[in-house]
Amino acid sequence: MNLVSISINEDNYIWLLYNNDKNCIIVDPGEFISIHNICKKKKLTPVAIFLTHHHHDHVDGVESLKTYFNTPVYGPKETIKYGTTKIVKEGDEIFLLNKCFKVFELPGHTLGHVGFYSPPWFFCGDTLFSAGCGRLFEGSAKDMYFSIKKINSLPPNTLICAGHEYTLQNLNFAISVFPKNTILSMYKKKVEKLNFYKKPTLPSALYLERQINIFLNPYNFEFKGELKRLLLQEEWVLFKKLRDMKNNFIY
């Protein structure tokens, strides 16, 4: 199996997974042309489109792809008006490319957000990013916390295939909270180098995210003051505070 990331709109990722038979699955197609060009170059035949949620930067290529390739579209109920032909829900299993893709419901960024998991890949849309997480446009902080906790239950070698290249910004925020954390500062240097050479930081291994992502694994970090006191409350309360701080963070 081969995984390709297609960068669009400066920081969006479209994911394309294909096998030796040149059949492929397209995840969150935010546009058509880039995908068409890759498929033509590699002689790939799309057999399915996966949608994680309904935002335009993840669905704008769907109708053109359906028309050109006559491809079925799997997605949550919220994506029906954007071309979904097969609605998915928690626990559904999709058998394609001789693999099983399991559906996870991940409310938070949107209420109907889902992810698709087939080891080692987890296509999580805008729920989890490297060193960060998505904004709460529809769901609550509690919703998002438990969605991320669900992702954190996966094996450490899981590869997080997120929808945006926000790693450096996320690390800058994390370092503002933990300025003396050497793991964060060292990884930031690596990310800066990747950014300089226009290389992606994704997919990212879950075991790495457990070291650098304060939203995924807050109890792995030494909080002080008000944040430390929040550790004594329900688990999601600290997550909400961090998300609020991130919303107001100036890069």
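Just so you know, glycine gets a Cβ as well, placed from its N, Cα and C.
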One of His36, His109 listed by Swiss-Prot as binding Zn(2+) 1 at the site of His53, His55, Asp126: His109
C-alpha spacing of His164 (Zn(2+) 2 binding site) relative to Asp126 (Zn(2+) 1 binding site), in angstrom: 7
CB within-chain contacts under 8 A for His109 (Zn(2+) 1 binding site), separation at least 6: His53, Gly125, Asp126, Thr127, Gly134, Arg135, Leu136, Phe137, Glu138, Gly139, Met144
Cβ-centroid neighbourhood (8 Å) of the Zn(2+) 2 site, Asp57, His58, Asp126, His164 excluded: Asn12, Tyr13, Asp28, Gly30, His53, His55, Gly125, Gly163
Remaining residues near the recorded Zn(2+) 1 site, that is with C-beta within 8 Å of the centroid of the site residues His53, His55, His109, Asp126: Thr52, His54, His58, Thr110, His113, Gly125, Thr127, Gly134, Phe137, Gly163
Integer Å distance between the CA atoms belonging to His164 (Zn(2+) 2 binding site) and His55 (Zn(2+) 1 binding site): 13
